[in-house]
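Participant: Not my notes, these are from TrEMBL:
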- 1-21: region 'Disordered' (REGION)
- 176-232: domain 'PAS' (DOMAIN)
- 251-300: domain 'PAC' (DOMAIN)
- 301-373: domain 'PAS' (DOMAIN)
- 376-425: domain 'PAC' (DOMAIN)
- 416-443: coiled coil (COILED)
- 433-503: domain 'PAS' (DOMAIN)
- 506-558: domain 'PAC' (DOMAIN)
- 746-962: domain 'Histidine kinase' (DOMAIN)
- 961-996: region 'Disordered' (REGION)
Amino acid sequence: MTGSIHRGMASELQDRSSSAAHSIAVPPEIVRKWQEFVDLLAEIMHVPSASIMRVEPPHIKVFVSSTSKGNPCEPGALDAGPYCETVMKTGQPLLVPDARENEAWKVNPHVRQGMISYLGVPIAWPDGRLFGTICVRDNKRNEYSAAYLKLVLHFRDMLQADLKSFATLQGQLEQHEVKIRRLMDANIIGIIIWDAEGRILEANDAFLRMGGFNREDLISGRLTRTDLTPPEWRERDARTDTELKMNGAVQPFEKEYFRKDGGRVPVLIGLAAFGDQRNEGVAFVLDLTERKRAEEALREREAKIRRLVDANIIGIFITGLEGRVLEANDAFLRLVGHDREDLVSGRVRWTDLTPPEWREHDKRALRELYFNTVAQPYEKEFFRIDGSRVPVLIGGALFEKGDDEGVAFVLDLTERKRGEDALREREAQLAEARRELRQMIDTIPIPVASYSADARRDFVNAAWKKYTGLSDEAALGTEWSVVAHPDDVTTGEKMWRDALATGEPWHTEERVRRADGQYRWFAIDRVTARNENGKIIKWYGTAYDIEDRKRAEERLRVQHTVAQILTEAATIEEATPRILWAMGECLGWDVGALWRVDREAEALRCVELWHKATIEVPEFERVSREFTFLPGLGLPGRVWSSLQPEYVPDVVPDENFPRGPIAEREGLHAAFGFPILLGGEALGVIEFFSCEIRQPDQELLNALATIGSQIGQFIERKRAEEALRKVQMQLAHANRVDTMGQLTASIAHEVKQPIATARNNARAALNFLDKQPPELDEVREALGCIVGDADRAGGIIDRIRDHIKKAPPRNDCFDLNRAIDEVIELAQSAIAETGVSVKTRLRERMYPIQGDRIQVQQVVLNLILNAIEAMGSIEAGARELLISTEQSRTNDIIVAVHDTGPGIDPECLDRVFEAFYTTKSGGMGMGLSICQTIIDAHGGRLWAEANEPRGTVFQFTVPSPVEEFTNHPQSAPENGEPHEDRLVAASRRPASEGSK
């Protein structure tokens, strides 16, 4: 629209600013003054742009522009908008508050630069000729008050006053310049004044420029007619001097002058002498350089034309307007099938060569020749001498305006016409191929689309339209995201940006909206098409429905995730929140709940509820936790009753869904539920809800049934593990009781010894009391010994009770070295009876270990008793027992029990820990199996190896909770050195130990 306004007004603007007004240079001092005006105007009106525009037909240019920040108008720039054109056309002020509100102004280029408002008034020369406008622009809506308009008009008046003063002065200067120009040189020819000796006394600038001289050369006297004349022209100058003396004048003649640079300039010179003496005169010198060039150019053109005519590249003939062909080259004669004899005889007439249907075209061409002397090329046909036709392109020109002769240029179009026919045929074939390709693409059962280089759809096939429900009109020109899932848009936009930047093919998976509003997953591949220069001109995309694959992946992923959770969890209570979260996230559902069967109430109770972080369902959660469901009631009750998964596309209209109104208020619709089964018994129900309405998915229900069975099997397995744990506890207790039975003699001795000592001390105390006076200090000391003996006996009994009582496993931190010392003390009698020498090598200041102290002592005691029993069967050799502790690089504690017994057959080393496997004649084979169970429960390992040179080494590891002690340096080991070997006495304590 702007372009049409501009073209329509161009001639009118040129008329209103006619003459040379637009070419007059405004003096710099006025320009500087006007610069101050626009800067002040922009500052007063608080606008980013104030400008003075000037008409320079057919354009309007920025003449002066404010230096204010944000002004997009630079001096010298063209103004293509309708604002200033309208002001100049109407001669009236123009106010545009907001160009965006009017289609006529909206296309103004300044609007794209942010200048949406305009106020401008015209500026004129004193004689009414248009100079331009003074205008302001703003980047926001601006009504421009009447005061601002007056201000702009005031500035306009000051500008016009400057123009008036300048125009008056300019007129005066022009008059003087005209007179001087007429007087001095007329700006056409050179003039010199000479004397009889050939000196040039005076010369105008035109002459000096002609020879490349300056006025200093003239004043110095270095310029003479003789020196300026080349040798071959001096004879002609001599005749000229004779003619001057005789006639006082010489008619103009051609010659050459030397230029200052050594070159030559051709001139036409005429001379006249002053006075009767004829010693001085004037010469008028015309520079013939351009004429000579023109003559040379004309000669070259004539030669080129002759070469063109003779080259017979195209047909050329000279003709009269009446139709006779006066001259023609061979190319034209061959074109129409005539020979030169036909031409000379006058039988060749272009009017006769023209078929009737083309004669109207010839008439138009003749009219064009008459008025313009040139007829633009046009297509027609000529008859050939054999009656056939030849297509030609013909154009012509008259030699002179008003002449009746001219030249015509004729180009044979036969090959081009054949090419055009072939092209039309190829285009028809291409159109048919495109139609067939379109038909073929429309038969492809998958969606196909193409995009322009800037990623806008320009084609979609029938499958695409059928799936999306969009027509060509609704689809073409849209961006890719028009049918994309909102959650996929951000990622998709980034992938498109990367692809547009690199041009690389790419693959993605997106959800695409179906005609019914549902979204399905598609695998989409997009590739580029490039032109011969490698520039991207098109994108092609194909989409494959992978919804079923995605759903299958989701089902497999959720089954795997649930299985992983169940593997890692210790209890169903620990696993439940993670299961709900995993199923919701993997399957894309929004709310999940677990219902457990309350056997006493014969009802389902909600024990866990999960929802996505992006939604809130407070009322639904509260009611679900408060509700109980009987068999058959609501979704949980129906699943409980049927023992089968159930799917509800929308719970809101479901009559057997008591929470329906609440679900509707909080935006929940689709739901499914499945039972947690153990055998044929339901242990609970899991249900999920979606904010969308979803159609039933039988494959999903099958997967849910599997998950329900997984959870039921997990519960069954945990029950079995608990039962096994209880059995293992009972076996461990029985083992401890059995061990205590083996130590009966040792225990009796250990208890009897402090009792005997206490009895002796009591008798001593009585004796001290019988003395006169009684020895009370001795009595007090004896009583203290009695208390110590009683405490020692009580400690022994407490340790025995700890080993034989039934108690749940504990998890305490304790000193393993001290625990081992207690076990050795407990087994002292058994050690003494068999003559075994016991040594310990216990590492100093080890980290404590975490676990059940009694169970770990049970393992150590079993290993010690087994070693003592094994060594009791050998007749010769030392019976040595070494008990050691070490700390590994991973901070695990390693306990080793070395004996020098007969050893174990290497083939049986791995079997000794099997239940009911024994090498003893009277053993049950449970001791080492129980020991291994205890160590496994503590996170350690128990194994046996051969001891060199003989015997067996039983070792086990238990982890140390290092993290709990790393912040307490005082509890960490100070060095890695173990204790020196310590020999443990194997004999009984004397009966008098500790007595008075």
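Here the Cβ of each residue, glycine as well, is placed from N, Cα and C on the backbone.
No curator has checked TrEMBL annotations; they are predicted automatically.
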Participant: Which residue counts does DSSP yield for the domain 'PAC' (376-425) in the helix, strand and coil classes, in that order?
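Facilitator: Helix/strand/coil tally for the domain 'PAC' (376-425): 12 helix, 26 strand, 12 coil.
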Participant: Under the DSSP assignment, what numbers of helix, strand and coil residues are found in the domain 'PAC' (506-558)?
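Facilitator: Residue counts in helix, strand and coil order: 12 helix, 30 strand, 11 coil.
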Participant: Please give the average pLDDT for the domain 'PAC' (376-425) in this predicted model.
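Facilitator: On average, pLDDT over the domain 'PAC' (376-425) sits at 88.
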Participant: What is the number of residues in the domain 'PAC' (251-300) that are helix, strand and coil, as DSSP sees it?
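Facilitator: Looking at the domain 'PAC' (251-300) with DSSP, the answer is 12 helix, 27 strand, 11 coil.
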